[in-house]
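All remarks here apply to the structure that follows.
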Amino acid sequence: MAGRESALYDETLLPLDGPEPGRRYAQVIVDVPAKQTNRPFDYIVPPELEAWVGVGSRVGVPFGPRTLQGFVVGLSESTGMDPRKLKPIEQVLDLVPPLNPELVDLARWMSRTYVCHEITALQAMIPGALKAKYEKYVAVAEEADGHSAPPPEGQALLLAGSPEEDEITAFVRQKGTVPMDAMLRRFPAAGPLLKRMLERGVLVEVQTVKDRLNAKKVLYVEPAADPRTLTEESGKLAAGAKRQKELLLHFAAHPSPVPLAELTDKLNVGAGTVKALADKGWLTIREREVFRDPYAGRSFARTEPLPLTEQQRGAFAAISDALGAERHDVFLLHGVTGSGKTEVYLQSIQQCLDQGREAIVLVPEISLTPQMVERFKSRFGDAVAVMHSRLSQGERYDEWRKIGLKRVSVVIGARSAVFAPFTKLGLIIIDEEHESSYKQEESPKYHAREVAVQRAARHGAVVVLGSATPSLESFARTSGRGAPYRLLTMADRVEGRPLPAVRIVDLREELKAGNRSMFSRGLYKAIEERLHKKEQTVLLLNRRGYSTFVMCRSCGYVVQCPHCDISLTYHQVSRTMRCHYCGLTQPEPKTCPSCDSEHIRFFGTGTQRVEEELGKLFPGIRVIRMDVDTTSEKGAHERLLTKFRNKQGDVLLGTQMVAKGLDFPDVTLVGVIAADTVLHLPDFRAAEKTFQLLTQVAGRAGRHRLPGEVFIQTYTPDHYSIEHASRHDYGAFIATELDSRRQRGYPPYCELVLVTFSHEQVAMVVRAAESFATRLKEKWQRMRTEFDSVSGAGAEDRYFEVYGPVASPIPRIKDRYRFQCMVKYRGDVDVSGMLTETAAAFDETVRQEKLHISIDVNPQVLM
DNA sequence: AGCACGCCGACT
DNA sequence: GTCGGCGTGCTC
């Protein structure tokens with residue numbers, strides 16, 4: 001156990017800036033996400049806490065009848081309130097404030113931009129372990145106050161309670177304070193009685209804010225006397241106490257603290273021996289906080305910067321220049337797969353660190369593989385903290401603390417790492433910037449790319465957005481007058497390796513030729529060849545499960561989820577039908593649930609079915625399947641990839657998670673089973689996503705010595721996204737797609753906001769959605785008249801339109817009906833403000849009728 | 001979000 | 001005449 005912890009947490013914690021003026025009152029955002037509480041409340045900072053309270057501190061404050069968690073967003077010498085009415089802050093929850101003034105300000109920007117409560121934005125910035133948790137205790141009244149509670153007038157006699165009541169009082173008095181749930185466990189039938197006792201004031205309820213988790217503590221042993229005394233004492237020990245003597249001499253020679261576990265391991269002494277010496281007063285056993293280090297015990301061979309190619313040098317020079325000048329610049333680094341973007345990142349980070357500033361690297365969750373982490377750890381060593389969802393809550397918390405304690409200066413992580421509480425930020429890198437996982441789908445529905453640019457601007461820091469297939473939004477920002485981003489291009493793979501040859505297979509032709517299998521003849525032969533040559537294959541199918549839907553061929557009935565308007569997917573392994581939206585699982589039907597016919601059939605192909613088919617076609621083939629179902633366990637993702645890397649698998653078959661960033665030397669074949677799955681989704685980005693997916697997965701082949709080959713199977717071989725992907729022609733794709741977006745009026749030619757309404761009753765949701773749309777349009781009409789009267793510049797570029805409401809593409813999820821409105825706008829329009837105000841009118845309906853309104857600014861998914 | 005305060009129906 | 005429905009408003 002002891003080996004898992006590394007760096008000791010024995011920072012000497014000093015109070016913030018010491019007593020200074022302007023800390024008398026604190027403005028606090030409390031943990032109540034509601035419109036009416038979405039503003040700071042003033043509190044007195046008690047003198048004894050003054051030194052520990054800063055902007056960004058997490059505090060416990062009394063709010064109405066209870067105690068809540070809150071964040072300090074301001075400190076001041078005066079207050080607009082009557083100071084006598086203010087309550088004091090009860091507790092400061094962290095020794096080091098988890099946020100800082102810049103992040104607090106960023107949270108305000110987020111709440112305005114993404115239309116969410118400020119507390120929601122603040123909560124998103126801290127690790128889950130610090131989310132508020134409240135505990136209710138009961139205590140006997142006079143003990144809680146420290147003085148006797150006055151008996152209510154004329155009821156003194158009644159207060160001499162029933163026997164049950166006396167029993168309860170005695171129990172609580174003996175324990176001091178008792179958690180409410182423990183009370184109910186001890187006295188299961190006493191609920192109403194407890195309530196009465198609380199009402200009468202015999203008992204009082206105390207609520208406190210608790211951390212969900214505490215720093216990990218380990219027992220350490222240290223000497224309690226100076227070495228000379230220890231040596232002397234060791235001589236006085238009984239002759240038989242050899243172990244004790246050894247121990248004392250050890251500490252006489254090495255007086256530094258040692259983990260108890262290490263002591264018992266290495267010096268081969270029992271814990272009892274240590275305890276005995278502690279009891280005698282020569283040693284002290286103390287709890288100390290340690291970091292849980294998920295990468296402890298692994299060594300990373302130090303790497304040196306590699307020589308750069310000419311293209312890499314060009315890109316690095318531009319970044320380096322901006323870094324040197326501490327100028328806020330955003331670069332879009334467009335580098336084909338295998339062009340060596342990572343090395344450019346690494347050297348840019350190095351320069352940033354040399355300048356004494358800090359760097360954040362964002363990567364999509366899925367490509368945060370050990371391989372990736374290793375590249376950074378081996379260049380920057382202990383200066384790197386890693387944050388991703390596969391870490392335990394505790395591990396995550398500890399990585400986070402390293403940032404606040406200035407133990408690290410580089411953070412590599414998924415989306416939320418953009419909030420790493422650095423104070424001297426110099427560089428933010430977003431790898432695979434086109435990835436949709438940078439958008440958070442829950443409130444606050446922020447995009448890490450937008451937040452990164454915002455943060456960097458505040459720090460005068462550089463942003464590097466890297467991708468082989470940049471998003472249209474980012475690309476569009478690199479051209480034209482006053483373009484906010486600068487484009488850096490790396491068009492060739494390192495060492496002149498060629499991009500793999502891509503073949504498009506028309507599945508309609510296969511069918512005509514009588515091939516009804518899911519593998520075209522070409523792909524079949526190619527796989528067979530790889531098995532022969534002992535080379536490896538990656539197969540992509542963007543659909544998990546076994547089949548996508550189950551239909552009765554007699555009556556046409558399709559098995560659907562009873563709670564969502566979506567067909568259920570059949571999972572072969574568990575022989576169950578599952579809803580991919582609400583998680584419902586039910587047994588497979590033997591006969592048609594509607595007409596009882598036995599002609600029930602599975603349609604559509606999922607990864608499980610491909611796996612089965614591969615086994616039939618190539619007996620003995622070793623398939624590693626990677627999808628949500630096989631990677632849900634902690635570490636499973638990593639394990640499967642390692643297995644493939646060690647060549648314990650011939651084929652890596654998976655959903656889009658096999659397309660991203662993987663780099664295996666022996667992969668020479670990539671097959672896309674069905675390229676059209678994404679293309680026909682009801683999403684204006686369908687073509688873009690298809691192009692990106694195909695380009696990315698094709699990039700997995702032939703990255704090393706052996707040349708690669710790619711097969712793309714499709715029913716629409718002429719579609720431009722497929723054609724251009726096959727020729728690795730980003731420029732041509734972008735031109736066509738931009739044109740199409742302009743014609744259809746979609747980003748980057750306008751901005752979008754998706755407003756989704758959901759409720760258990762259709763009538764309610766329709767009414768709310770329509771009324772919302774009407775109000776929003778009216779608001780725009782009023783604003784436009786104002787604009788016209790001022791006739792300011794840019795008026796002609798201003799555009800605003802509300803579309804819908806219409807039923808959502810999935811009209812019902814978890815028994816709630818869903819309708820949506822789409823706002824399209826362009827130019828200087830405060831749409832977020834308009835939406836905030838419009839939504840405010842529905843506040844009561846939201847509260848009372850359980851209507852949900854979701855506002856998604858720049859949505860990535862239109863479902 | 002909780003919780004108290006406050007104004008109109010069916011009951012001892 | 002009261003007990004209680006949940007509409008409205010407040011929490012530093």
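Residue numbers in this text run from 1 along the chain shown.
Cβ atoms are placed via backbone N, Cα and C, with glycine included.
Here is what TrEMBL records for this protein:
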BINDING   A:Cys552, A:Cys555, A:Cys592, A:Cys595  Zn(2+) 1 binding site
BINDING   A:Cys561, A:Cys564, A:Cys579, A:Cys582  Zn(2+) 2 binding site
DOMAIN    A:322-475  domain 'Helicase ATP-binding'
DOMAIN    A:565-741  domain 'Helicase C-terminal'
Does anything in the same chain, at least 6 positions from A:Cys595 (Zn(2+) 1 binding site), have a Cβ under 8 Å from its Cβ, and if so what?
A:Cys552, A:Ser554, A:Cys555, A:Tyr557
Including all protein chains shown, what's the count of other C-beta atoms within 10 A of the C-beta of A:Cys561 (Zn(2+) 2 binding site)?
24
May I ask for the distance between A:Cys564 (Zn(2+) 2 binding site) and A:Cys592 (Zn(2+) 1 binding site), taken between their Cα atoms and rounded to an integer number of Å?
19
Other residues, Cβ within 8 Å of A:Cys561, A:Cys564, A:Cys579, A:Cys582 Cβ centroid (Zn(2+) 2 site):
A:Pro562, A:His563, A:Ile566, A:Leu568, A:His580, A:Tyr581, A:Gly583, A:Leu584, A:Ile813, A:Lys814
Of A:Cys552, A:Cys555, A:Cys564 (the binding-site residues), the residue whose Cβ has the fewest other Cβ atoms within 10 Å:
A:Cys555
How many neighbouring Cβ atoms, not counting its own, are there within 10 Å of the Cβ of A:Cys579 (Zn(2+) 2 binding site)?
20
Same-chain residues at least 6 apart in sequence whose Cβ lies under 8 Å from A:Cys582 (Zn(2+) 2 binding site):
A:Cys561, A:His563, A:Cys564, A:Ile813, A:Lys814
Using DSSP reduced to three states, classify A:Cys564 (Zn(2+) 2 binding site) as helix, strand or coil.
coil
Using C-alpha atoms only, work out the spacing between A:Cys592 (Zn(2+) 1 binding site) and A:Cys579 (Zn(2+) 2 binding site) and round it to an integer in Å.
18
